[in-house]
Structures are given as structure tokens and as C-alpha cells.
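Colleague: When I checked TrEMBL for this same protein, it listed these features:
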- 67-90: transmembrane segment (TRANSMEM)
- 110-131: transmembrane segment (TRANSMEM)
- 143-160: transmembrane segment (TRANSMEM)
- 172-190: transmembrane segment (TRANSMEM)
- 211-236: transmembrane segment (TRANSMEM)
- 276-297: transmembrane segment (TRANSMEM)
- 338-355: transmembrane segment (TRANSMEM)
- 361-384: transmembrane segment (TRANSMEM)
- 396-416: transmembrane segment (TRANSMEM)
- 422-440: transmembrane segment (TRANSMEM)
- 452-471: transmembrane segment (TRANSMEM)
- 515-535: transmembrane segment (TRANSMEM)
Amino acid sequence: MVGSGWLFAALAGAAYAGPASLISWIIAAVLFIFIGLAYAELGSMLPFSGSLVRIDHYAHGSVSNYLLGWAYLIGAATTVAMEAEAIIMYTNKYLPVFSSASGYLTPLGIAAAAALIAVFTLIQIIGVNVFSRVNTVITIWKFIVPSLTVILLLTLYFHPSNFTAYGGFIPLGWSAVFSAMIPSGIVWAYEGFRQALEYAGEARNPHVDVPLALIISILVTAGLYVALEVAFIGGIDWGKILLQDNSGRYTILIKPGDWQNLTQSNWAGSPFYTELTTSGIALLITFAVILLIDAWVSPAGTMGVYIGTTARSFYGFSRQGYFPELFGSLHKRFQTPWFSMIFTLVLALLFLLPFPTWYQIVSISSTATVVNYLAGGSSLVILRRTAPELRRSYRVRSPWLIGLLSFTASSMLIYLTGWPSLGYVFIVTAFGLPLMILGYRDRLSLSTRESVLFSLIYWVALASAMYLGLIENQLSFIVYWSIFTVVMVASLLYLRYKAKGSYAALEVSSASWFVGYMVVMGALSYLGSLGMGYLKYPWDYVLALAASIIFFIISVRQGFETRELTEIKTKGIPIE
């Protein structure tokens with residue numbers, strides 16, 4: 001849970017909410033505990049490896065699970081790009097040709113980040129599992145360095161006035177406390193709790209270890225990141241932060257208390273390193289060298305892990321029949337899912353190019369992953385109804401309440417993404433559907449010709465809506481979001497018609513809750529205070545919360561006892 005987030009999220013949190021970002025960290029931790037409680041029971045009930053992209057399969061069937069799982073994989077692929085960017089951003093201090101002081105990668109820096117991803121992908125393809133061999137050492141290192149950073153800053157370089165001066169503790173208002181969570185990387189920092197589920201099938205005692213690991217990981221992460229935020233804000237010396245002038249040089253002294261411009265300052269590219277080196281204290285300057293080393297170690301370890309886990313999830317999708325068989329092919333010599341790894345590389349590069357800084361891509365990565373968490377709350381309630389007899393070592397006492405809290409926590413975090421980032425996430429999530437259609441065509445009673453034609457029409461329509469609407473602003477919101485809505489609804493109706501009378505038709509119908517969710521929440525995001533502002537804070541939050549509750553109920557009602565769940569009930573959990 002300690003990757004590149006600790007290197008950048010403290011500055012980003014301060015930029016979006018000032019000292020009140022401490023409250024943002026605490027609220028996010030509470031929300032993730034709600035999410036984690038649902039997954040704690042689900043993880044102890046279905047202790048599969050890669051369970052985050054599989055649990056909804058047993059509650060809503062293939063189509064809903066696939067769309068949510070695809071969103072998760074987008075989040076994982078963008079994490080690969082983020083970690084590569086993090087490494088390159090910190091090289092500004094000794095190789096400024098790759099990145100600006102404010103953290104924007106130059107064309108050469110983008111090429112270097114792409115090369116890093118390619119090299120790490122090659123390592124995974126040839127099967128050199130470097131990361132698992134040194135994982136324990138890296139994990140210890142990743143906690144020691146930020147912990148020492150906190151201790152040194154708090155004891156040697158701390159300005160308590162930063163928490164009360166310049167507009168007070170909440171200088172940007174309460175709305176900023178909430179809206180800071182996604183774009184600052186606060187939510188992204190907590191998403192590592194999912195690793196307890198990813199490797200649930202490999203735990204010695206998953207029925208006990210999984211829920212315990214989930215809760216502990218969230219609490220430990222909260223403690224570390226709150227401490228880092230306190231140390232960073234306390235270590236700010238406003239007289240040493242510079243902004244760019246018209247020539248692009250950093251010569252303009254930032255105004256004290258100008259929190260919002262921190263991400264555009266000369267501190268943004270390497271926040272803690274710059275804070276340490278501008279302190280003038282010999283010990284802190286010396287320690288900053290260790291931090292430069294960590295700027296390679298922490299992101300590199302996370303990037304290597306995510307390339308492997310993302311590719312293996314694509315491989316698993318193919319084995320489940322979601323993707324074409326090519327995704328499930330293994331390299332003849334190395335016996336690794338080479339095509340899935342290449343596909344992961346391509347996805348990471350696609351997100352690297354338009355988002356040349358960690359601060360831009362973190363919103364997309366965070367939200368795409370949280371979209372997948374919607375499955376936790378509703379699946380908890382559905383599986384209590386459809387499979388009450390299955391063993392659960394950890395049972396929440398009020399499944400409806402915890403399920404509702406888990407779903408709405410995820411949903412509100414999604415809403416906090418704001419527009420247009422949320423529009424990108426929803427459209428990119430929808431983009432994955434044809435890949436499933438191509439692999440799942442026989443069950444949907446589609447010929448190869450029909451599935452290819454469907455995919456082409458679908459992709460062209462969505463790509464046109466995104467490019468002309470979100471990117472070029474040549475279409476009004478009403479037009480391009482109507483195109484998105486029509487494409488999604490018409491696709492479900494068409495697939496249900498083709499699969500009429502079969503089990504697959506039920507699976508298609510059970511995914512309609514998520515399509516409706518994307519349409520409605522996207523519209524609210526555009527209209528709300530984090531979009532065009534037609535709906536003012538906090539009333540847009542109230543509407544988003546109400547919509548979340550409604551879709552939770554719809555999602556639960558559309559759940560059913562799937563074939564795969566029936567098989568588990570009769571034959572037991574398969575050994576993998």
C-alpha cells in the first residue's frame with residue numbers, strides 16, 4: 001500500500017484542501033473500512049486468487065462482473081503508467097531533461113517512462129520473478145523510509161503555524177475536504193487493501209487471515225499517511241517555493257497560503273525531496289539522497305507487481321471465456337501469459353501519453369478501481385440471500401447495513417472524481433464490452449460476423465462521443481451523453497434479444513443496474529458542483545447519495561443464484 005502515493009499525495013492533498021487534508025485522509029479511511037468489511041466476509045467465503053474481479057460473477061453473472069472487472073483492470077493498468085511517471089518525475093533533480101520541476105514529463109521523459117514499462121514487461125514475460133524474491137526486503141524498505149521522513153521532519157523542521165495561518169485549518173472550505181480525496185491520490189493510497197484479496201487463495205488460513213489483513217492494512221496505512229501529511233505541511237517554508245514566470249523559469253515566489261498552486265510549483269515534481277533539501281539542515285539534506293533511491297524502489301516494486309497481476313487477470317478473463325483465446329495463450333518457452341502482458345503494456349502506454357504527470361492520471365486510476373468496489377456491498381447482501389449456508393469465518397452483523405454503507409461509500413468516492421474525469425472513466429469502462437462479446441459470442445448466440453460488426457459499430461459510436469464531446473468539445477453534453485446512453489441501452493437490449501431464452505439472457509439483464517448507474521451518475525457529475533455547477537454543494541452530494549441508495553437496491557434485486565454459485569454449493573469451493 002506504499003508505492004508512489006507517499007511521494008506525491010501529501011503535497012496534492014495540501015493543494016486541494018490545505019491542512020484540512022488531514023480530515024480527508026481520516027474520512028477516506030472510514031469509507032474504506034466500510035468497503036473492506038463487505039470484502040472481508042466475501043473474501044473469507046470465496047477465497048480465490050484475483051477475487052476482486054470474480055466475486056460479482058457469483059451475484060450478477062458474467063456481464064456485470066466483466067464490466068466491473070474491466071474497470072478494475074483499467075485502474076491496474078493506469079497504476080503501471082503512474083509508477084513509471086513517478087520514477088521519471090523524481091529524476092528531475094539529477095536529469096532535468098526528463099521532467100520539469102513541477103512534475104510534467106517532457107517528450108523524452110515520456111519515452112523514458114515507456115521504456116521502463118517495456119523493460120519491466122519483458123522481465124515478466126521471460127519469467128524472472130525478481131519482485132517476489134525481494135518482496136519482503138522491499139516492503140520493509142517502503143515503510144522505513146517514509147517513517148524516517150516523518151520523524152526527521154517533525155523533530156528538526158516543523159512549522160506549526162502552517163496549520164492555523166493563511167485562512168485557518170480549513171482554508172478552502174468543507175467541500176474541498178471531500179473533493180480532494182480522488183484527485184490528490186488519497187483514495188489511491190488506500191486501494192492497496194485489495195492485495196489481501198488478490199492473494200486470498202494463497203493464504204494459509206484465508207477464512208481468518210483475509211478479514212484481519214484487510215482491516216489492519218487500512219488502519220496502518222491511515223496512520224502512516226496522516227503522519228506524512230502532518231510532516232509535509234509542517235515542513236513547508238513558503239519563502240522557498242517558486243512558480244513559473246512567462247519564460248518557463250521558476251522565479252516567482254509563491255504567496256504564503258496559496259495552497260492550490262502547490263501542484264504547479266517547483267516542489268511538485270519531488271515534494272519531500274525538495275522540502276528536505278531546502279531546509280538547510282545537513283542531516284535532512286543527507287537523508288534526501290536516500291529518498292531519491294526510494295523514488296526508484298517504491299514505484300518500481302509496485303509497477304512490477306501490477307504488470308504481473310494485471311496480465312494474469314486478463315489471462316484469467318480468457319480462461320473464463322470473457323476474452324478471446326489469444327489472451328489465454330502462454331509463451332512456449334517461458335510459460336507466461338505473453339499476449340496479456342503485451343496488452344497490459346499497450347494499455348499503460350495509452351494512458352501515459354495523454355496524462356504526462358502523476359497528478360493527472362491519479363484521478364483516472366483511483367476512480368476506475370473504485371468502480372469495481374461497487375460489487376462488494378451488493379454482492380454481500382445477494383450472497384447472504386442466495387448462499388446463506390456457505391461457510392464464512394467472518395460474518396458482518398448487519399449485512400444490509402454494511403452492504404449499503406459499502407456501496408454508497410464506493411459510489412460517493414466515484415462521484416467525488418468530478419467532471420470530465422468521471423466521463424472518461426465510464427466511457428473507457430464501457431469500451432471493454434466488445435472484448436467480452438468476441439470471447440463470449442457462442443453463449444450469446446452471436447456468429448463471428450455479428451460479434452465483429454457489433455463491436456465495430458459500438459466502438460465507433462463511443463469513440464466519436466468521447467472525442468467530439470469530452471476531448472474536442474464539439475458536441476454538447478446532452479448530445480454526447482445521449483449517444484453514450486443509447487449505445488449502452490441498445491447494446492444490452494440487442495444482446496438480450498440474441499440470447500433470448502438462454503441463461504446468458506439473464507446475465508445480460510442483471511447487468512442493467514450498472515449501465516443505469518453510469519448514465520445517471522455521469523449526468524449528476526456533469527451538473528454538480530464538481531462539474532458545471534448547476535447543482536450547488538451540498539445539494540448535489542445529497543442527490544448523488546440518494547441515487548447511490550436507489551442503485552444499491554436495484555443492484556441487490558437484480559442479483560440471482562448463478563450457475564457457478566450453485567456448483568460451489570453442491571460441489572464445494574474448487575481447488576485452484
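Each residue, glycine too, has its Cβ placed from N, Cα and C.
TrEMBL: automatically predicted annotations, no manual curation.
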Colleague: For the transmembrane segment (452-471), could you work out the same-chain residues 6 or more beyond its ends whose Cβ comes under 8 Å from its Cβ atoms?
Modeller: 420, 423-424, 427, 430-431, 433-434, 437-438, 446, 477, 479-481, 483-484, 487, 491, 494
Colleague: Against which stretches of its own chain does the transmembrane segment (276-297) lie, if we need a Cβ under 8 Å and a gap of at least six residues from its ends?
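Modeller: Answer is 7, 86-87, 90, 93-94, 138, 141-142, 145-146, 148-149, 152-153, 156-157, 235, 237, 240, 270.
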Colleague: Which residues, given as numbers and ranges, are at least 6 beyond the ends of the transmembrane segment (172-190) yet have a Cβ under 8 Å from it?
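Modeller: The answer is 1, 5-6, 8-9, 12-13, 15-18, 20-21, 23-25, 27-29, 32, 218, 221-222, 225, 259-260, 358-359, 362-363, 365-367, 369-370, 413, 416-418, 421, 529-530, 537-538, 541.
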Colleague: Contact between the transmembrane segment (396-416) and the transmembrane segment (338-355) is defined here as three or more C-beta pairs under 8 Å separated by at least 6 residues; is that satisfied?
Modeller: no
Colleague: Test of understanding: applying the rule of at least three C-beta pairs under 8 Å (pairs 6 or more apart in sequence), is the transmembrane segment (143-160) touching the transmembrane segment (361-384)?
Modeller: no
Colleague: Taking a Cβ cut-off under 8 Å, which residues six or more beyond the ends of the transmembrane segment (422-440) line up next to it in the same chain?
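Modeller: Contacts of the transmembrane segment (422-440) (Cβ under 8 Å, skipping residues fewer than 6 from its ends): 62-63, 66-67, 70-71, 73-74, 317-318, 321-325, 327, 364, 367-368, 371, 414-415, 446, 451-452, 454-455, 458-459, 462, 465-466, 470, 481, 484, 487-488, 491, 495, 504, 518, 521-522, 525-526.
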